[in-house]
Amino acid sequence: MDTEDDPLLQDAWLDEEDEEVAFSSRKRREGALLCGKSSCRVRPLRVTLPVSGFWNIVGWIFTNPYCAGFILFLGCAIPAVLAVVMFLHYPALDIDISYNAFEIRNHESSQRFDALALALKSQFGSWGRNRRDLADFTSETLQRLIFEQLQQLHLNASHLQVSTRAKRSAPQGRTSSPEPRAHPHPGNETSRVTRGAPRWDYSNTYISANTQTHAHWRIELIFLARGDSENNIFTTERLVTIHEVERKIMDHPRFREFCWKPHEVLKDLPLGSYSYCSPPSSLMTYFFPTERGGKIYYDGMGQDLADIQGSLELAMTHPEFYWYVDEGLSAENKKSSLLRSEILFGAPLPNYYSVEDRWEEQRHKFQNFVVTYVAMLAKQSTSKVQVLYGGTDLFDYEVRRTFNNDMLLAFISSSCIAVLVYILTSCSVFLSFFGIASIGLSCLVALFLYHVVFGIQYLGILNGVAAFVIVGIGVDDVFVFINTYRQATHLKDLRLRMIHTIQTAGKATFFTSLTTAAAYAANIFSQIPAVHDFGLFMSLIVSCCWVAVLFTMPAALGIWTLYVSPLESSCQNSCSQKCTKKSTLHLAEDLFVASEGTSRAGRETLPYLDDDIPLLSVEEEPVSLEMGDVPLVSVMPENLQLPVEKSNRGHLIAHLQELLEHWVLWSAVKSRWVIVGLFLLVLLLSIFFASRLRPASRAPVLFRPDTNIQVLLDLKYNLSAEGISCITCSGLFQEKPHSLQNNFRTSLEKKKRGSASPWGSKGSISDTGQQDLQGTVYISKSRSKGRPAIYRFSLNASIPAPWQMVSPGDGEVPSFQVYRVPFGNFTRKLTACVSTVGLLKQTSPRKWMMTTLSCDSKRGWKFDFSFYVAAKEQQRTRKLYFAQSHKPPYHGRVCVAPPGCLLSSSPDGPTKGILYVPSEKAAPKARLSATSGFNPCMNMGCGKPAVRPLVDTGAMVFVVFGIRGVNRTKNSDNHVIGDMGSVIYDDSFDLFKEIGNLCRLCKAIASNTELVKPGGAQCLPSGYSISSFLQMLHPECKNIPEPNLLPGQLSHGAVGVKDGKVQWISMAFESTTYKGKSSFQTYADYLKWETFLQQQLQLFPEGSALRHGFQTCEHWKQIFMEIIGVQSALYGLILSLVICVAAVAVFTTHILLLLPVLLSILGVVCLVVTIMYWSGWEMGAVEAISLSILVGSSVDYCVHLVEGYLLAGENLPLHHAEDPTACRQWRTIEAIRHVGVAIVSSAVTTVIATVPLFFCIIAPFAKFGKIVALNTGVSILYTLTVSTALLSIMGPGTFTRSRTSCLKAVAGVLLAGLLGLCICLALLKGGFKIPLPNGTAL
């Protein structure tokens, strides 16, 4: 039974009101005021009869120490028991750090494209070392199968010649059967069986005594070139750096225990020192070969760098080469900004019988081993090379370490709030403990519901925000109960005081928790997994937190009043007497300091820091609200007196209160129309800019942009052939050992040709002969007063007078090494010219200069000597500069670096430039290794470069048959980059049975010029002319459309072959869709493709496997991610707005009070979105979450202002009652006076609580914190300006809330909802399609 329905309880309330009237002496000086509909009783009945009914039982339970203690025990025991049950009897709850959590993986477009990509990956991953071209492989295999089919068709024919030819062709085709079928390729196993899959995924493995023969784990390395404008990774310095990093990895003390040891490595003799571990899968195998027994082994174990261009030419003859480089490298442009490497590790480990033998134990050992590389790899980057490292286990380790470090910042936020709780509970340890405990224990209950009831196995990485947010939300509820209980000191009966606390605080916290939980719950409808899980988890936490506080805090307050409060008061009084010189009365039962002697002498202020309940300080007699709410009045118990001196806190809040009063007097009275005008202008501009916020064009940035893992994730989308498993792509597997003799000409031939071999070995010139090819240019100078120094160049070390030796330093070069004849890459000829023109013979009889041309005899220059240098940087070279002065006597100079040789401002030319000479250390005093500068393509060349494989699916539309979909049921989703799943094949698909229908469909699609560009049909894979053979199978296959491909370009059409059967086929078509169009425009093209294909498929007979075909495109996947992301955000925003509007309508019960709230929310949301647009953000997952939360968090401040407006109307002065304008302004000013300090303090504390989020490495945390702080600042600004101005203009003057108005509001909300439903039904009946959050339409 409610208190307002009990006359006895009303008399008790009136008794307390009479005491309040007696206490407030200032009230009598201000005259009579309007007291509402209730009459003021001077002599209320003093009835102390107990309350009966439900609330009497509730009050007795929470004030009985045994019942209250039992409730506290249950509040702690139930969450603990649920947590134990969850952790012991259910699968472990892990952190979902998958990048796929931010992609819409369950949509049809994603499933189709992933299925095709996996099928291509499986087919491409089956390359053998002797079959490097997928197009030739598939073409030959398909040709063989066609021959076999033709043989079967003509088996009973009478033409013996044709039959014999078919029989000869069949065995010939079988000889080209791919090696991987007979010998399962390790690459195929690795690409499907990695990422910590459970043991039942290893059905293809076999028990073997050989350890570490199966490649199961890997470390991914990417080396980025930096430090110059060219950013070419193929330079001497960068390649040496990369080689050193790879050698450091192999030199790890425990590397041999985990490395991969394939049987092919046993043939590589130099790897014996590494226990025949496989070297990194890297291009370093070409650049750093080793020489053993007159043979070159491409294993990357050499100490010296081979010839860069020659090694590149050799590597580019294999299509696997393109896996290591970026997309820009080609035969014409042999430059790459990056290089990829993989370090492979094998299973089973030593002392394990097989891969399946104690698999989890093996995996745990490897994880403990591989993380020891992190510290070393983090220090390997140089000014020229940035080293990025990753891989499944390193990714997971780095993400979890980052996540844990960021969670430590949550402790800083929680600690600050805990201190705030301790202060605002009057330093009560008991209340502070149970307040924080109720929040923490509610999280365990929410976790149980999330994991057990809803069956979600992983916590999304975004859920870490809950650690920051929930403490602030829960503490607000705790403050509400404590403050409401503290304010009810006028209720002497403890039971009545507890009932009043539960009713008032429970309603207030229910309203705010409902709007907050609804804002988070709106994200449940999002198709982005991370957003969906975050919305569910946060809504559960907010709801559980409210329930926990609702039961825990009243019980704690009951025990605190009976037993703990006296002890805390005596302790605090004792400390106060010892620590202060002046005797002050400690207000242990108040959270406010009254201000005296101000210009507002008749008013008292409550400095609350909470924004969830109406904080009203009125001096008039309060009137009970008909809704059952009891106004929170500021009263002083009779036994207390005000302190003589005000504290600093009182001064601060008094100043803030005075500032707010002056502010609202300006905004609500003097400049209200100006504010409204500015608001409408800003609103229109905000709507314009907010509408320009574009959907995200990529998955969100998960980490700070400069971190190792984020740079690596960004590169994931730009790497060549990312989907290919390429563990055998290095030179170790692609090249057999080469004989060193085959690459050398005799020294006599080289001398005749004027060149020499850059390596010393058998069959090459001797070390002495090589030394004879080198020479030294000596430099001396002559200097006289007032004249510039003249430099002399000579091949003779003697220095005649008046020349002097040049000392090192200041850019001077005493001498440098050169080659007398062209040697290797030292082929740039420089000529030293001498002249006597314009010189004084006594000081410097001659002058010298250097030029790349011949000496200019017309100007007096004569030939002295010539030598050879390198035009580009080489191994063991140093860089020098030469230049000719543009002033008399026009002499030349060689120096170490500018500005010494910048004698002229002209660009590089014949007499000015850069030369690379052998360094002094490189002088061949000792024998060089056989591989130093080795050029494998010197004699016969290495052949033509391989064509870049086009297995990446660009803007093509693929029509696929033989694939039903993708199976993701057994995937482990807690990896940064996890597996996409496995392909579900259509076993009923038979290529030769459906060949006629396929040819007919290919022609039909190719002839549709609205969808396909002319010449854009690629129905068959590249290679031999398969179309000519297809004509023999079916007449429909005549005149198959031929694609317009560039010379050497491969077709995007693909065929999957397994066990001698065509498993699936993919026809590619170059669509007319322009990729630059918006996603919503491209969606129309998708519908055209889907409609046309379905029409064609329906023409096939019933039961045909072709009816299961589908069309897919990577572009469709991208546009649906954008469309569904935006639609999910909009639906979340609309749902959150509807719930908030309904709740506010029921709470305010008046349309003119609802309208200012709605306008304020609209203004806040639009302005925040506009700032997001100005900041360059896109509508991604984090922004989608924020949009819905903005509504729920924006509504609090303005609603509390409206609540203060309503409560002020209960005590409206008589002289304002007849003037609506004055009445609205007075009520607005009173509302700000009563709740202004509270909402401002709450906003400040909210912003401060989000500051630790700014420093998080996880980017969504930092962005979420910025959005919450921004929204809080804009919301409080709009509340103090726009909301006050709108209330003073359109607020109802004399309206007071009643039960009747509440029922009308509920009826209005239900009617509006029914009307909206009817409109939707009418639109659907009229043929209008309503888009749904999942991308479909009703």
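Each residue, glycine too, has its Cβ placed from N, Cα and C.
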Task: P280 / A1259 share membrane side in Swiss-Prot - done: no
Task: Result, the transmembrane segment (1238-1258) in contact with the transmembrane segment (518-538) (3+ CB pairs under 8 Å) - done: no
Task: Dominant neighbour of the transmembrane segment (1129-1149) in 429-449, 1238-1258, 1267-1287, 1303-1323, by Cβ pairs under 8 Å - done: 1303-1323
Open item on the list: Using Cβ atoms and a strict cutoff of less than 8 Å, what residues sit near the transmembrane segment (540-560) while being 6 or more residues removed from its termini?
Closed with: 62-65, 67-69, 71-72, 75, 428, 430-431, 434-435, 437-439, 441-443, 445-446, 449-450, 466, 470, 473-474, 477-478, 481-482, 485, 494, 498, 501-502, 506, 509-510, 513, 516-517, 520
Task: Among 68-88, 673-693, 1238-1258, stretch most in contact with the transmembrane segment (453-473) (C-beta, under 8 angstroms) - done: 1238-1258
Open item on the list: Using Cβ atoms and a strict cutoff of less than 8 Å, what residues sit near the topological domain 'Cytoplasmic' (1259-1266) while being 6 or more residues removed from its termini?
Closed with: 406, 461-462, 464-465, 468, 700-705, 710, 1177, 1181-1183, 1185-1186, 1250-1253
